[in-house]
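Beneath this line is the structure, given in structure tokens, with notes to follow.
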Amino acid sequence: MKIRSQVGMVLNLDKCIGCHTCSVTCKNVWTGREGMEYAWFNNVETKPGIGYPKNWEDQEEWQGGWVRDVNGKIRPRLGNKMGVITKIFANPVVPQIDDYYEPFTFDYEHLHSAPEGKHIPTARPRSLIDGKRMDKVIWGPNWEELLGGEFEKRARDRNFEAMQKEMYGQFENTFMMYLPRLCEHCLNPSCVATCPSGAIYKREEDGIVLIDQDKCRGWRLCISGCPYKKIYFNWKSGKSEKCIFCYPRIESGQPTVCSETCVGRIRYLGVLLYDADRIEEAASTEREVDLYERQCEVFLDPHDPSVIEEALKQGIPQNVIDAAQRSPVYKMAMDWKLALPLHPEYRTLPMVWYVPPLSPIQSYADAGGLPKSEGVLPAIESLRIPVQYLANMLSAGDTGPVLRALKRMMAMRHYMRSQTVEGVTDTRAIDEVGLSVAQVEEMYRYLAIANYEDRFVIPTSHREMAGDAFAERNGCGFTFGDGCHGSDSKFNLFNSSRIDAINITEVRDKAEGE
């Protein structure tokens with residue numbers, strides 16, 4: 001058993017209001033610079049829709065994630081080692097700029113400098129790539145916001161598989177939900193396997209997946225290998241970049257920027273302990289519908305004395321174990337079984353999980369729109385948001401985990417409403433879904449009124465425990481595309497200018513000499 005710790009995230013889609021605050025703050029902090037204008041490490045999509053980039057869920061087109069061969073082994077869908085190498089100089093399955101969008105601003109200066117005329121001056125869009133005026137803006141990262149566009153285009157959503165999607169194009173049957181997306185920081189990342197340069201790695205102390213900007217050579221095969229399309233090519237520096245899970249903040253015990261600024265307080269951060277030796281077995285599961293359960297088996301119980309003893313032997317700090325015991329991510333994913341992984345069929349074992357949305361379902365039930373079942377709860381198999389659609393997104397098509405999560409949240413609401421409105425304790429609903437009173441009350445506290453310290457349980461890092469302190473001292477932090485400036489490498493495949501670090505000692509000596 002090889003015990004490792006991972007900082008995971010849960011997003012409660014039941015509370016997401018689609019305000020895009022997480023996207024804007026992430027953009028301002030990490031990608032508001034030349035070469036990354038089109039990149040959104042965090043974006044919020046309206047579902048159903050084809051998303052950003054276009055049709056990112058269609059792995060037959062983009063060749064992301066893993067596939068299981070007949071011998072029971074998994075390999076990148078992009079190809080084995082030789083198959084990846086053959087695509088170095090001509091990768092046919094990398095998204096083009098039109099699959100994202102041409103980033104633009106507006107000619108605001110014209111509003112001030114326009115000469116006097118008969119008509120009010122307008123701010124025309126200008127491309128942020130070549131600076132030229134654009135005749136028409138035709139796509140964007142949130143183009144499908146609030147079901148924008150005709151249903152014919154949104155119907156290409158891959159989550160409509162095994163469904164009669166035509167009926168959902170009718171006004172009375174339409175539905176929508178928000179889906180915030182960021183890098184999944186997977187346990188079995190396919191981007192790591194498809195990088196020919198070995199530039200992508202997963203940190204042992206917190207599981208964050210990063211790209212070494214000095215090793216990256218801009219082959220862009222990682223973009224194809226990532227099934228979530230959350231790696232972006234910086235055309236200015238010639239490097240690939242991705243969400244870094246705000247690791248400088250995580251190391252000091254602070255939440256990510258997107259979590260800190262979330263208006264709806266839908267995000268939870270916490271530590272999970274897992275057995276790294278079980279990853280290959282879990283990812284190689286034969287049936288895709290079993291992948292969710294197999295991934296859950298990878299996680300370890302942080303309250304188990306034998307797990308604690310072994311974790312301490314393997315160098316897991318005590319504060320990490322304590323944080324894992326209080327982790328809201330473990331509670332939602334393992335204890336209550338509310339959170340589910342995004343597209344587990346990609347076999348990457350993602351670590352950003354989602355609580356399926358219930359609010360539109362509950363309001364529909366209150367209006368008497370759902371048939372009653374034999375128990376207290378309505379028959380939520382026939383809901384406004386189709387359960388099969390959520391299952392295709394969160395559990396590889398298996399409706400069981402989705403129904404369990406939705407029923408438990410509805411039972412929690414029934415129980416709390418009976419207490420606050422009727423003044424009685426009605427446990428029939430929670431008994432029906434297999435929850436105790438203590439579990440439901442704790443669920444309510446975390447989902448409805450959780451404090452800051454409840455939602456974000458992040459242990460500080462221990463740099464003093466590094467096996468090689470010299471390498472840690474010389475390692476660089478996040479850089480904006482130029483690598484660790486002071487390296488010896490002068491070769492640049494893309495012939496872009498390199499910004500070398502300023503030698504402070506030489507500058508000071510020169511100043512003193514003058």
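Quick reminder: no glycine exception, Cβ is built from N, Cα and C everywhere.
Among the features that Swiss-Prot reports, domain '4Fe-4S ferredoxin-type 1' is placed at 7-35, with the record citing sequence analysis. Sequence annotations record features per position, and here Swiss-Prot assigns [4Fe-4S] cluster 1 binding site to C16, C19, C22, C262. For C26, C243, C246, C258, the entry in Swiss-Prot reads [4Fe-4S] cluster 2 binding site, with the evidence type similarity to another entry. Taken from Swiss-Prot, the feature domain '4Fe-4S ferredoxin-type 2' covers 174-205, and the record attributes it to sequence analysis. As annotated by Swiss-Prot, [4Fe-4S] cluster 3 binding site applies to C183, C186, C191, C226. Residues or ranges marked as [3Fe-4S] cluster binding site by Swiss-Prot: C195, C216, C222. Positions annotated as domain '4Fe-4S ferredoxin-type 3' by Swiss-Prot: 207-236.
On the structure: features taken from Swiss-Prot.
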residue: C16; record: [4Fe-4S] cluster 1 binding site; DSSP (3 states): coil
residue: C22; record: [4Fe-4S] cluster 1 binding site; DSSP (3 states): helix
residue: C186; record: [4Fe-4S] cluster 3 binding site; DSSP (3 states): coil
residue: C191; record: [4Fe-4S] cluster 3 binding site; DSSP (3 states): helix
residue: C226; record: [4Fe-4S] cluster 3 binding site; DSSP (3 states): coil
residue: C243; record: [4Fe-4S] cluster 2 binding site; DSSP (3 states): coil
residue: C258; record: [4Fe-4S] cluster 2 binding site; DSSP (3 states): helix
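Put simply, of the binding-site residues C19, C22, C262, the one whose Cα is nearest the Cα of C222 ([3Fe-4S] cluster binding site) is C22.
Comparing local CB density within 10 A for the binding-site residues C195, C216, C226, the maximum falls on C226. Around the Cβ of C243 ([4Fe-4S] cluster 2 binding site), a 10 Å sphere holds 27 further Cβ atoms from the protein chains shown. Checked against C16 ([4Fe-4S] cluster 1 binding site) by C-alpha proximity, the binding-site residues C186, C195, C216, C243 yield C243 as the nearest. Surrounding the centroid of the Cβ atoms of C16, C19, C22, C262, where the record places [4Fe-4S] cluster 1, the chain contributes additional residues within 8 Å, namely I17, G18, H20, T21, V44, P180, C258, T261, V263, G264, I266, R267. Proximity to C243 ([4Fe-4S] cluster 2 binding site), judged by a C-alpha distance within 10 Å, picks out C183 from the binding-site residues C19, C183, C186, C262.
Minimal Cβ crowding within 10 Å, among the binding-site residues C19, C191, C222, is found at C19. Spacing of C191 ([4Fe-4S] cluster 3 binding site) relative to C216 ([3Fe-4S] cluster binding site) is 12 Å (Cα to Cα, whole number). The two recorded residues, C246 ([4Fe-4S] cluster 2 binding site) and C186 ([4Fe-4S] cluster 3 binding site), have Cα atoms 16 Å apart.
Summarising model confidence by region, the domain '4Fe-4S ferredoxin-type 1' (7-35) averages a pLDDT of 95. A straight line from the CA of C226 ([4Fe-4S] cluster 3 binding site) to the CA of C26 ([4Fe-4S] cluster 2 binding site) spans 20 Å. The secondary structure of C216 ([3Fe-4S] cluster binding site), as reduced to three states from DSSP, is coil rather than helix or strand. Long-range C-beta contacts of C262 ([4Fe-4S] cluster 1 binding site), restricted to its own chain and to partners at least six residues apart, with a cutoff below 8 Å, comprise T21, C22.
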